[in-house]
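Per TrEMBL, the feature coiled coil maps to 244-278. Sequence annotations record features per position, and here TrEMBL assigns domain 'Major facilitator superfamily (MFS) profile' to 55-488. Annotation source TrEMBL lists transmembrane segment at 50-80, 92-110, 122-142, 148-167, 179-196, 208-231, 337-360, 366-386, 398-422, 453-480.
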Amino acid sequence: MGVQENGNGLVGGKNKYKRMESDALEEDTVLSSNHQDQKGVYVEKRDTKIYLLACAIFASLNSVLLGYDVGVMSGAILFIKEDLKISEVQEEVLVGILSIVSLLGSLAGGKMSDAIGRKWTIAFATLVFQSGAAIMTLAPSFTVLMSGRILAGVGIGFGVMIAPVYIAEISPSAVRGSLTSFPEIFINLGILLGYISNYAFSGLPVHINWRVMLGIGILPSIFMGVALFVIPESPRWLVGQNRIEEARTVLSKTNDSEKEAEERLAEIQLAADLANSEKHEAKAVWQELLKPSPAVRKMLITGCGIQCFQQITGIDATVYYSPTIFKDAGIKSETHLLAATVAVGFTKTIFILIAIFLIDNVGRKPLLYVSTIGMTVSLLSLSLTLSFMSDEKFGIELALLSVCANVAFFSVGIGPVCWVLSSEIFPQRLRAQASALGAVGSRVSSGAVSMSFLSVSAAITVGGTFFVFSVISALSVAFVHTCVPETKGKSLEQIEMMFQNGGELQSGEVELGDVEVQRLVQKE
């Protein structure tokens, strides 16, 4: 009996041990499962970021075309003048016409993107630009060259209008500023590549080198063909077309979790329902833009105003005519002139990369303050240098430093922030058309500056022209202070509500900021 009891006790002890071992194993399994879940979430977030990054990069490839054209024409025009024997007036028209005719693409782009979607409008922009670039490359005369440039300008108008809108509509609010600044980054990259192309091919015969320079711009079309198989359609456009399931699929790829994707879908549907209410059914989009409510008027002043100030401070004159500026400062050799422009291109590209890390952390408005104040000082410095110290070694160095400082301050602030603001402040029903209107203002301002720079400089000197730009830049500081609200960290729907708060932007910002914080806490 005793032995049996002892045996039973031992068996009982073994059973107890086995149960404890089983419990421990079960606990380890739960912990392992939780760890795997956390790892899965981490991988999912990483995949989402990679997917968003790929979409932003591919959508911004059109901007490389614009930047490349701007950069390459600054050097190619030197050889086109020699080869085709064009006058100074023809030079101004050739350089500036691209910006003027691009307004046709920008105006048509808003309506087209609402009809066929953001993605296919990007594809159409690429096709039109590449056709124009091919004509320019093979042009036997000034007339044919102009026709190709006009066609390329229309394509650029489509591209510069649609890329920021598309990226803003697929991006979560936390990274929207950084991703929406990608088109400006790629413009700067294109400018740098254009400068490098000028320097690299300047040694070829005159009747060949400028054609090679322009022809290189056709290459990005290959990457755009690949992009069409990668990038999705905008979820906001899909909701507007009542293609809800497709929108849900896109949002599940661009948000960190299914719950977050559903929240974003609900917000977009609510905004779309408001847009389709009786108030907006009776009012066409263009009629609402031409006879705006107080909130829409404020949006238009902010969006179109910042677009115009971006250009009338003379950035395109600085980029297009940098060889002319450096020649006026005292640099004589064409090789040295083109080398100096490469330095400007590197500066512009480096500082736009800095901006991408600051725009969602520091905010839009602080960067605009730094940018506009810095540009004002740089432009004034360049004006004084060209007026009183040209042909001196120190004057040449100071002129180069002033130009580099100007493009640096531009690239870290008003360059990228302009496109971010103009793509995020308008409500969904107006976003495409209003962004197109802002792009038109930008292109007209750019064209006016580009087509008049040489004539105005001949009348009041290059230094005097940059003094005028410095005064306009000072006015842009006042505009930023008065008319531009902070939109960092807010969803597109929240920004719309902020403008509808009867002009009390500051209180609106605080309220919306609290809402965003509460949502983040709930997610945590």
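Heads up, the Cβ atoms here are built off N, Cα and C, so glycines get one too.
TrEMBL entries are annotated by machine, without manual review.
Quick caveat, the model's predicted, so the values are computed rather than measured.
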* For the coiled coil (244-278), the mean pLDDT of the predicted model -> 81
* Structure fact -> Beyond a gap of at least 6 residues from its ends, the CB atoms lying under 8 Å from the transmembrane segment (398-422) belong to 164, 168, 176-177, 180-181, 183-185, 187-188, 302-304, 306-307, 309-310, 313, 315, 318-319, 322, 325-326, 329-330, 340, 343-344, 347-352, 354-356, 358-359, 364, 367-375, 377-379, 381-382, 385-386, 389-390, 434-435, 438-439, 442, 476, 484, 487
* Tertiary contacts of the coiled coil (244-278), as residues 6+ beyond its ends and Cβ separation under 8 Å -> 41, 44-45, 48, 51-52, 55, 170-172, 232-236, 238, 427-429, 491-493, 496, 519, 523
* Looking at 50-80, 92-110, 122-142, 179-196, which one has the highest count of Cβ pairs under 8 angstroms to the transmembrane segment (208-231)? -> 50-80
* Could you pull out which residues elsewhere in the chain have a CB under 8 Å from any CB of the transmembrane segment (92-110), counting only those six or more residues past its ends? => 69, 73, 77, 80, 86, 121, 125, 128, 142, 145-146, 149-150, 152-162, 316, 320-321, 432-437, 439-440, 443-444, 446-455
